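As given in Swiss-Prot:
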| type | residues | note |
| --- | --- | --- |
| ACT_SITE | CYS17 | active site |
| BINDING | LYS20, THR48, ARG49, ASP50, ASP68, ASP91, GLY139, HIS140, SER141 | ATP binding site |
| BINDING | ASP51, ASP91, ASP227 | Mg(2+) binding site |
| SITE | LYS20 | site 'Important for catalytic activity' |
Amino acid sequence: MSENSIRLTQYSHGAGCGCKISPKVLETILHSEQAKFVDPNLLVGNETRDDAAVYDLGNGTSVISTTDFFMPIVDNPFDFGRIAATNAISDIFAMGGKPIMAIAILGWPINKLSPEIAREVTEGGRYACRQAGIALAGGHSIDAPEPIFGLAVTGIVPTERVKKNSTAQAGCKLFLTKPLGIGVLTTAEKKSLLKPEHQGLATEVMCRMNIAGASFANIEGVKAMTDVTGFGLLGHLSEMCQGAGVQARVDYDAIPKLPGVEEYIKLGAVPGGTERNFASYGHLMGEMPREVRDLLCDPQTSGGLLLAVMPEAENEVKATAAEFGIELTAIGELVPARGGRAMVEIR
């Protein structure tokens, strides 16, 4: 079977970050007395479901450690590897850091798919690592029933510049760096619903590196940052609000969307992860139409950065985004928490 004829998505039951275990189930898995081990140098651990772990070395520098892997979200092996690696490296940028090294995680059904196809996947990962300026320094592989690829990535960050998802403040404006709808478009493609003019759009967005994160972290008025991935905008924004004790107002019409996404939602191109996300976070939302909910809960793979920015830093953030060619979009604001109001209010 050639690399050009292969359809990797046929070999997996899930796709991309839509493979994630639901937040509710994950809470059960991680709940343990042993998880309460306290190391004063561990600045970021499990407590706030942040993008990566951060460890203070005590010399003004902290180490960032993260891992991310999933099953194919696209059919092309090289693109699958590139997307998976870009997605994993993004966690370092979302914490405000600089990646320094990565190792690969590969699960491969060796009785179904050739090693040459696995090599193409790995080459895609290596390409993304080169884009980020790091080496793919090694890894680990197993014989698995479904193809899996990802990275474990190490980064560094000045300790004072660590950006958490839990340090937002009321008064911050919310900005997104990529459009939503990746899960919808990739599902539409799997269902053979995707129009010719929309082919490749999701892949292009997923391959965009969130490299601007380190520069955003240098701006004092950027109070919190996270990347929008498997739990959707609603999930990651809810975690930001819960960690900071604030609430959010979001302008639905302002949210950047991939072309055709609302049409595909009406046609039923909604990934399974959407329902899992709503089951975990839906109680935090106000009333809204089903199609709005399906977009806000859409699992993103290698999605954009979500920034909480104080108004006085808005111009500097926009200028930084322009330097990286990012179409930055304001989607709402954070407000003081008040009883009787939804944590995430959609207008």
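Glycine residues also receive a Cβ, built from the backbone N, Cα and C atoms like all the rest.
Cα of SER141 (ATP binding site) to Cα of ASP227 (Mg(2+) binding site): a span of 27 Å.
The binding-site residues considered are ASP91, ASP227; of these, ASP227 has the fewest other C-beta atoms within 10 angstroms of its C-beta.
With respect to their backbone Cα atoms, ASP227 (Mg(2+) binding site) and GLY139 (ATP binding site) stand 24 Å from each other. Around the Cβ of ASP68 (ATP binding site), 25 further Cβ atoms fall within 10 Å across all displayed protein chains.
In sequence order, ILE103, ALA104, ILE105, LEU106 are the residues of the chain that are 6 or more apart from GLY139 (ATP binding site) and have a CB within less than 8 Å of its CB.
When the alpha carbons of ASP68 (ATP binding site) and ASP91 (Mg(2+) binding site) are compared, the span between them is 9 angstrom. Cβ contacts within 10 Å of SER141 (ATP binding site), excluding its own Cβ and spanning all protein chains shown: 15.
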